[in-house]
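Novice: Please see the structure below; I have some questions.
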């Protein structure tokens, strides 16, 4: 697409994708509560059997004196998030390997098909089993962020890579500002009758699910039209980088063994950070639901405020400071 750099295309596609991803975040506690009320009369159903296992595990560690059902909902929500993340962990190496072999764009578009299918199943999921199917499909298809990082790595040099990859963090921050509040707002709005032809029963939160679906469709069309293939494309060093290398001022190149060792250390640190961050991020709405009985709108405002702080840090500080002090020093701060 004329006038659009690859970095800008990746950034805009990430905004659409993460916007769709963050819309349901404040809704999870109430979604599970709705399914629990809806399917409580069926002791042989998937939800009842899952809750029985969750309740047994919870009773082994802690037996609250009041309202144990809310604890079970919180634990079930954690299990639901773990399934999604575990599937991502399983499929991510394959997505990366396939993109190296067949191209970033082709594999990205295939993952988008899975994301769209996941949203379609969510719209129509009137049972907990079908909703979990939606989450499973989404977990197996979610490769957008890792492929965006691969694309940005293809088109940047080591000197400007941190600046390019900052687009990922900025997109996360922006979408955490707007996605959860919008999801919470439309969760309280009735779905227009025209969107439910023939009285077809839809999910209680079909409105935010449809918005998610539309965003994913827009992202797919945008990627088809605008994104070029970047596999095998190498960014040329800038004149300043060439001058530094010619004068012997370029950074000393590490051996393959040193780079692999450093990569292993970074992987372990990243795993530890994401384990803590994602645990807090996903369980926060369940905590406020259990302790304060917060509504979707209150949870949406909470996550949105976290997004505002993150946006200020990512866009106002991290992006500028990284170029000045370097990635290593920035990571240690």
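Backbone N, Cα and C define each Cβ position, glycine as well.
Predicted, not measured: the structure shown is a model, and the values here were computed from it.
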Novice: Can you dig out which of the ranges 164-186, 233-255 TrEMBL describes as transmembrane segment?
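Specialist: Checked against TrEMBL: transmembrane segment maps to 164-186.
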Novice: For the feature transmembrane segment as recorded in TrEMBL, pick the matching range from 107-125, 126-144.
Specialist: 107-125
Novice: Mind checking which residues of the chain, 6+ beyond the ends of the transmembrane segment (12-32), have their Cβ under 8 Å from one of its Cβ atoms?
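Specialist: For the transmembrane segment (12-32), the list is 4, 73-74, 76-77, 80-81, 115, 119, 122, 128, 131, 142, 144-145, 148, 167-168, 171-172, 174-176, 178-180, 182-184, 187, 204-205, 208-209, 211-212, 215-216, 218-219, 222-223, 227, 281-282, 285-286, 289-290, 295-297, 299-300, 302-303, 307.
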Novice: Go through the chain and flag residues at least 6 beyond the ends of the transmembrane segment (269-289) whose CB is under 8 A from any CB in it; none is fine as an answer.
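Specialist: Non-local partners: 25-26, 28-30, 70, 73-74, 77-78, 81, 85, 298-299, 302-303.
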Novice: Checking distant contacts: for the transmembrane segment (73-95), what same-chain residues at least six beyond its ends satisfy Cβ-Cβ under 8 A?
Specialist: 28-29, 32-33, 36, 50-51, 54, 57-58, 107, 111, 132, 135-136, 138-140, 142-143, 146-147, 278, 282-283, 286-287, 289-290
Novice: Would you mind giving the whole-number mean pLDDT across the domain 'Major facilitator superfamily (MFS) profile' (10-333)?
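Specialist: Summing pLDDT over the domain 'Major facilitator superfamily (MFS) profile' (10-333) and dividing by its length gives 86.
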